[in-house]
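Everything on this sheet refers to the single structure shown next.
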Amino acid sequence: MTEGNQTVFSWFLLLGLPIPPEHQHLFYALFLAMYLTTVLGNFIIIILIHLDSHLHTPMYSLLSNLSFSDLCFSSVTMPKLLQNMQSQVPSIPYAGCLAQMYFFLLFGDLESFLLVAMAYDRYVAICFPLHYTSIMSPKLCVSLVVLSWVLTTFHAMLHTLLMARLSFCEDNVIPHFFCDMSALLKLSCSDTHVNELVIFITGGIILVIPFVLIIVSYARIVASILKAPSARGIRKAFSTCGSHLSVVSLFYGTVIGLYLCPSANNSTVKETVMGMMYTVVTPMLNPFIYSLRNRDMKGALVRVFCKKKMMV
């Protein structure tokens with residue numbers, strides 16, 4: 001499409017991952033297996049929490065929402081990546097690119113807020129066990145989830161509308177496997193200062209503040225357990241907090257590094273690999289870290305299967 005002396009593109013080419021052609025099928029099978037693991041793991045968690053009344057608690061309600069967010073977050077990018085790996089022309093229309101960016105921001109931000117809510121839930125449960133029921137009431141739990149959805153919807157819409165006002169007239173090749181916001185800004189021939197300023201300001205609210213709150217919550221948990229030390233309690237605390245914090249650090253570290261502290265030395269390959277870490281690896285690990293190793297979840301799995309067998 002031509003406007004004056006400028007060519008405005010109505011579609012983009014996604015370069016995808018820098019994989020040699022001879023290894024394309026191997027990596028396709030790997031990513032497909034990772035995506036199916038993500039979908040299956042998170043879907044099992046959602047179904048178990050819905051079916052087992054023992055899991056109808058604030059903690060597992062938040063887990064169910066996190067699993068839904070992870071499932072959707074991974075589904076925003078992975079199906080398109082798998083399709084493009086089998087395509088001769090890995091393209092995406094302009095409208096599809098904006099839609100992908102919107103849902104990517106929506107579910108990515110939602111995960112950020114839900115991780116904060118889950119950290120607060122664990123903090124109350126461990127530091128104030130006698131007041132847990134009164135503090136983490138169903139009303140508060142629902143309010144936290146609704147607030148997360150409202151804030152993330154607004155944030156995703158804001159960036160999508162700001163991106164929609166830009167023109168792309170010099171290049172339509174995105175050196176990424178999805179419509180990454182920073183990659184699109186580099187391609188734009190319009191003034192992107194407003195977009196960059198909004199990313200920096202809202203990024204502090206959406207990413208840095210939640211990350212700090214999670215770290216503070218787990219630090220309080222560790223400090224509380226160390227006040228009444230027991231070998232078993234300390235081991236369990238560090239095992240739980242360590243595994244949770246490893247996933248949190250993986251998610252926030254790569255996102256903050258990419259969007260809030262971008263380096264001129266960052267290569268396209270490095271940015272793509274970092275993108276894979278928080279869009280593919282983290283949603284796949286979360287079910288194992290937060291739920292599937294959990295004794296309550298294993299008990300729910302046994303109860304659900306036993307109930308099905310008795311019905312048969």
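Quick reminder: no glycine exception, Cβ is built from N, Cα and C everywhere.
Taken from TrEMBL, the feature domain 'G-protein coupled receptors family 1 profile' applies to 41-290. According to TrEMBL, the transmembrane segment annotation covers 26-50, 102-120, 140-158, 197-216, 237-260, 272-292.
Between the transmembrane segment (197-216) and the stretches 26-50, 102-120, 140-158, 272-292, it is 102-120 that has the most C-beta pairs under 8 angstroms. Here the transmembrane segment (26-50) sits apart from the transmembrane segment (140-158); fewer than 3 CB pairs are under 8 Å, leaving out pairs fewer than 6 apart in sequence. Panel annotation: around the transmembrane segment (140-158), residues 58, 61-62, 65, 102-103, 105-107, 109-110, 113-114, 117, 198, 202, 206 of the same chain, lying at least six beyond its termini, place a Cβ under 8 Å from a Cβ of the stretch. Residues of the same chain lying 6 or more positions beyond the ends of the transmembrane segment (272-292) and with a Cβ under 8 Å from any Cβ of it are 17-18, 31, 34-35, 37-38, 41-42, 44-45, 63, 66-67, 70-71, 73-74, 76-78, 104, 108, 118, 175-178, 180, 243-244, 246-247, 250-251, 254-255, 257-258, 298.
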